[in-house]
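First the structure, in the form of structure tokens, and then the observations on it.
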Amino acid sequence: MISIRLKDGSQREYPEGISLLQVAEDISPKLAKNAMAAVFNGKISDLNSQVKEDGCLELLDFEDERAREVYRHSSAHVMAQAVKRLWPESKLAIGPAIDKGFYYDFDSGHTFTPEDFAAIEEEMKRIIKADYPIVRKELSREEALQFFSERSEDYKLELIEDLPEDAVISTYQQGEFVDLCAGPHLPSTGRLKAIKVMSLAGAYWRGSERNPMLQRVYATSFPKKSMLDDYLQKLEEAKKRDHRRLGRELGLFVVLDEGPGFPFFLPKGMVLRNELENFWREEHRKAGYQEIRTPIILSRELWERSGHWDHYKDNMYFTTIDEGDYAIKPMNCPGGLLVYKQNLHSYKELPLRMGEMGLVHRHEMSGVLHGLMRVRAFTQDDAHIFMLPEQIIDEIKGVMDLVDRFYSLFGFPYHVELSTKPEKAMGSDEIWEVATNALIKALEERGMEYKVNEGDGAFYGPKIDFHLQDSLDRTWQCGTIQLDFQMPEKFDLTYVGEDGGKHRPVMIHRVIYGSIERFIGILTEHFGGAFPLWLAPVQVRVLPITQRSQDYARQVVAELEQAGIRVEADFRSEKIGYKIREGQLQKIPYLLVLGDREAEEGTVSVRHRKEGDLGAKLLEEFKQTIVKEIKDKVL
């Protein structure tokens with residue numbers, strides 16, 4: 001008998017060789033029905049896996065990201081099986097799960113079109129209905145090469161050849177279909193429910209232009225049709241909220257052919273941007289930060305010293321000045337380090353917090369540029385904190401508090417991810433371990449749950465990333481906290497300690513918005529262009545019904561402007577219904593309709609963007625209400 005400890009701490013005895021699915025069924029048939037994979041002794045496994053030793057078991061359902069990956073990876077195999085049935089000459093490349101779905105790359109003589117989607121979906125449904133068991137089999141390298149050679153699956157052969165000599169090679173079979181795969185997978189194809197083929201794209205094999213162009217078929221899947229319907233509805237809503245369209249329609253920003261990747265901000269967009277920057281400055285002033293500004297162009301020697309030249313050169317822009325090599329900064333940190341070095345610092349001054357709204361430039365391939373979300377020039381709300389080693393935990397927690405204040409203001413829930421040492425990194429393993437443990441301790445002391453991203457840290461240190469969730473349930477990585485022991489060493493940063501000697505400070509790099517441009521893009525789609533009152537470029541539009549009420553309209557505009565409210569008036573000779581509809585399309589928070597009665601009584605007829613007609617109010621009453629709403633930054 002073997003002993004299995006469950007997540008709730010309880011323990012059960014089972015005969016050796018029982019499958020994880022059988023264990024789940026013994027615990028609860030409903031639990032087994034919803035389970036998609038399991039973690040046994042820390043390793044994610046198929047539910048069909050047999051248990052041969054004591055261990056700890058956690059069953060995963062669709063709510064768990066790891067289970068969603070298994071579900072959609074199995075979905076990709078079903079789609080590949082369907083394509084092979086419909087177009088047998090198609091060769092298989094790769095088919096991973098991705099965020100919100102999956103894809104499979106094919107080398108096929110058939111050119112896929114959207115008209116093929118229905119046929120692929122129908123064949124997938126037949127495979128799902130057949131409920132084929134999904135069976136794992138391990139092979140020797142020779143067996144695997146022979147198997148896929150007989151089937152002329154050239155891409156699979158290349159993958160096998162590139163595996164390490166000691167790699168475990170496995171296949172998964174469902175019905176007649178067999179694929180090279182490490183797994184894990186669902187117990188059977190019948191576990192899949194709602195599927196939808198979404199789109200097509202071209203993709204070079206292994207991402208290299210030197211390799212063949214493959215056809216990539218994107219799709220998604222969910223365990224319930226209602227979940228798929230909800231996802232598709234949100235996709236449609238996302239199209240309506242596309243920040244590129246809204247940016248132009250609302251007069252916020254544009255990206256022109258004359259400057260690909262370099263956005264133009266229009267007057268209303270600058271109002272929005274300035275409000276965000278003003279709020280940033282005020283909150284950072286209250287949190288003890290000093291603001292600096294560093295040059296956009298700095299010498300090659302500086303970038304070599306910082307390590308950016310070696311690690312980031314392909315993403316940088318360069319120029320020559322007085323026969324010397326210079327680079328346009330892709331990051332603000334080296335400039336901040338030079339500012340620190342301008343003075344001798346005592347331990348009594350630390351922590352020293354310096355913030356910068358710094359314009360940076362990064363070379364991005366034209367194919368990945370996307371409105372404000374992916375650009376070549378953007379403003380980072382960078383800050384660098386220089387501190388004593390014993391201040392690390394408190395400073396990290398202080399940044400977390402600031403991040404929470406910002407994201408809560410906009411109504412963004414968020415989750416946290418910890419990224420550890422990447423393959424290409426500066427510094428020793430020991431320093432990386434100290435830095436990583438400091439971030440973990442700060443997270444745990446603040447009681448924050450977090451996910452670990454192995455190997456995804458910056459080249460100079462581990463980091464905490466903040467992923468906010470918008471109104472369409474999409475996640476965006478914006479804020480980050482990076483702990484750095486490397487740069488202070490490279491730039492010979494020091495402070496005078498209590499003992500009178502020179503010591504090395506520790507450094508935090510952090511952003512909250514991340515990129516002002518990208519954050520504005522996210523806000524535009526999150527609110528669908530209907531920004532909170534305090535952010536709205538135009539907060540009130542005054543709509544006189546007739547020429548007789550225009551003088552009163554000018555008086556209302558003047559009073560509201562005097563109170564610091566952003567107001568404009570529409571004096572055109574259009575019908576009032578037309579003016580109201582246009583104001584609604586422009587997503588202006590308050591429309592004030594003014595006729596003869598309002599002029600006589602000193603009132604305004606108020607229409608709210610969400611609540612509709614609020615009736616007549618005294619101008620002074622309305623003014624006080626809106627001033628308070630702006631001051632309180634109401635959502």
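Positions of Cβ are set from backbone N, Cα and C atoms, glycine also.
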Which one, H185, H509, H526, is listed by Swiss-Prot in the same Zn(2+) site as C333, H384?
H509
Mean of pLDDT values spanning the domain 'TGS' (1-61):
92
Counts of helix, strand and coil residues, the domain 'TGS' (1-61), according to DSSP:
14 helix, 24 strand, 23 coil
List of residues, in chain order, with Cβ under 8 A from that of C333 (Zn(2+) binding site) and at least 6 apart:
S306, D382, H384, M487, H509
H384 (Zn(2+) binding site) CB neighbourhood, other CB atoms within 10 A:
25
